[in-house]
Amino acid sequence: MSIEIKNLTHIYMPGSPFERKALDNVNISIEDGEFVALIGHTGSGKSTLIQHINGLLKASSGNIIIDGVDITSEKVKLSEIRKKVGLVFQYPEYQLFEETIEKDIAFGPKNLGLNDEQVSKRVKKAMNIVGLDYDVYKDKSPFDLSGGQKRRVAIAGVVAMEPKVLILDEPAAGLDPKGREDILEKVKQLKEEYNMTIILVSHSMEDVAKIAERVLVMDKGRCILDGTIKEVFNEVDILESVGLAVPQVTYLVRALKSKEFNIPEDIFTIEEAKNEILKLIRGANKHD
């Protein structure tokens, strides 16, 4: 499902002494099935932007066209848009409320008017895709789970509604390295299983480099960079000027390059760096 944002501006508390422009004439197009990362320093406008795409905030001016429908129009039922655009907030485990995992995940699909068989099918599929065995976990209380497992339940609750667009606000925030890896792997599987359009908000450049196809960079309410991983992370000076950085491994390979090692500069993941460094070592061994 395509998303087109045209001249979007949002002003908090207009006309008051606390007036603040959070979005300033933003123009973005996202194609059906894209995996887009949204990055920016705290206060850059990321969260405000994603809440507009879900219809939680009303634009001060501009248009948001989702699947051909302008959701800023007064005639549009936002409840219908939210069935198509799922939003998983940061620390979504705080939104869990039911006595069992199955009931919690089933809450959304039930409100779509599905029958019991359809709801059960969606719950099982969503649990499977986030790595929670249905028979093992369905009757457990979500409050007895680890942080990473709670996060999976919360994501499954949105996924079970089978939205066309899934927005994830820092899905790996606060998790240990293993939990972080697991969640990111599940997000990749969601993209493959449902062919969703995914928008990932993240502060981690390493996470973005691993799984996103395209990166949007926000600063002071504007989208200042838009491109592939390679295109955006090659703009080191611009990123650093707005309080961001490239992945740490990129700084490492650039340091090696400056010492005249024959290694590409545009490396953004540990896996890529490992492969290139192994090539260097093997090449050095051949000359010995």
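Numbers run from 1 along the shown chain.
Just so it is clear, glycine is given a Cβ too, placed from its N, Cα and C backbone atoms.
Quick look at what Swiss-Prot annotates:
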DOMAIN    3-245  domain 'ABC transporter'
BINDING   Gly40, His41, Thr42, Gly43, Ser44, Gly45, Lys46, Ser47  ATP binding site
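Averaged across the domain 'ABC transporter' (3-245), pLDDT in this predicted model comes to 94. The DSSP secondary structure for Gly40 (ATP binding site) is strand. In this structure, Thr42 is the one among the binding-site residues Thr42, Ser44, Ser47 with the smallest number of other Cβ atoms inside 10 Å of its Cβ. In this structure, Gly45 (ATP binding site) belongs to neither helix nor strand by DSSP; it is coil. Of all Cβ atoms in the shown protein chains, 15 besides its own fall within 10 Å of the Cβ of Gly43 (ATP binding site).
Counting other Cβ atoms within 10 Å of each Cβ, the binding-site residues His41, Lys46 show the lowest value at His41. Taking the mean position of the Cβ atoms of Gly40, His41, Thr42, Gly43, Ser44, Gly45, Lys46, Ser47 as the ATP site, the remaining residues of that chain whose Cβ falls within 8 Å of it are Met218, Asp219.
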